[in-house]
Amino acid sequence: MFPTGVSSVYSACSDAAGITGNILAFVLFVSPIPTFKRILRNKSTEQFSGLPYIYSLLNCLISLWYGMPFISPGVILVATVNSIGAIFQLVYVTIFIIYANKPKKLKMSGLLVSVFALFVIIAYVSMELFDSQTRRFFVGCLSVASLISMFASPLFIIKLVVKSRSVEFMPFTLSLSTFLMSLSFFVYGMLKDDPFIYIPNGIGTILGIVQLVLYYYYSSKSGEGSREPLLDSYA
């Protein structure tokens, strides 16, 4: 046990890291807005894919469930950030469905129903079949798996940058925000001694560092900046 003063500082530091992560995550949640302004303006989804927003919605719902006090006491900031994220992703998916052509509309609607059905099953199983300790482990594993699967997007962008030798599709501000958000939640997870938080965010921090190094390397070589983020591939 820590002395009262040390414990208070420790708690304040973990809260500060979590709040910082929430703020930086909000920056990422609003980053697709230009894409959806274009969809609303043109009344068409054009060639944009709605799948990243479906995956992000599922990820946010699972992580939100993990952060609830009756699943993982003491990590409520995980629940707050993912509740906000789930709202944003649901709005994006809804707009996409409204303006998509009929085949895409049916596909996205089916996936949206599937996401909520899967979430309901996860919630029911975790509450009805497991005790509190096993419940946390079960939902935590699902949360980690979901978060790690989301790394497909930054890996794709890293591959694209190396292949094209250009940072055109990897904007510095988005890469920096992603890195700082992952770092904040990595610190938050470490201070909370929660491997289900610090393991995936530790991986995210490493990928963020790789993106920033690649940005510095290729932007200094070519002298070019980024023009428009690859918003439709954001996860």
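Placement of Cβ uses the backbone N, Cα and C atoms for every residue, glycine included.
The transmembrane segment feature in TrEMBL is assigned to 16-36 (among others).
Within the chain, the transmembrane segment (48-68) has long-range Cβ neighbours (under 8 A, six or more residues past its boundaries) at 32, 35, 39, 75-80, 82-83, 85-86, 89-90, 92-93, 96-97, 100, 104, 108, 111-112, 115-116, 118-119, 122-123, 126, 136, 139-140, 142-143, 146-147, 149-150, 153, 196, 232-235. The transmembrane segment annotation in TrEMBL covers 48-68 (among others).
Under the heading transmembrane segment, TrEMBL lists 74-99 (among others).
As annotated by TrEMBL, transmembrane segment applies to 106-125 (among others).
The transmembrane segment annotation in TrEMBL covers 137-157 (among others). Same-chain residues lying 6+ beyond the ends of the transmembrane segment (137-157) with a Cβ under 8 Å from its Cβ atoms: 52, 55-56, 58-59, 62-63, 65-66, 71-72, 122, 125-126, 130, 169-170, 178, 195-196, 199-201, 203-204, 207-208, 211, 230, 233-235.
What TrEMBL lists as transmembrane segment is 169-191 (among others).
The transmembrane segment annotation in TrEMBL covers 197-218 (among others). Note on the transmembrane segment (197-218): residues 75, 78, 143-144, 147-148, 151, 154-155, 157-158, 161-162, 165-167, 170, 172, 175-176, 178-183, 185-186, 188-190 of its chain, located 6 or more positions outside it, place their CB under 8 angstroms from a CB of the stretch.
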Decide whether the stretches the transmembrane segment (16-36) and the transmembrane segment (169-191) have at least 3 CB pairs under 8 angstroms, with pairs required to be 6 or more apart in sequence.
yes
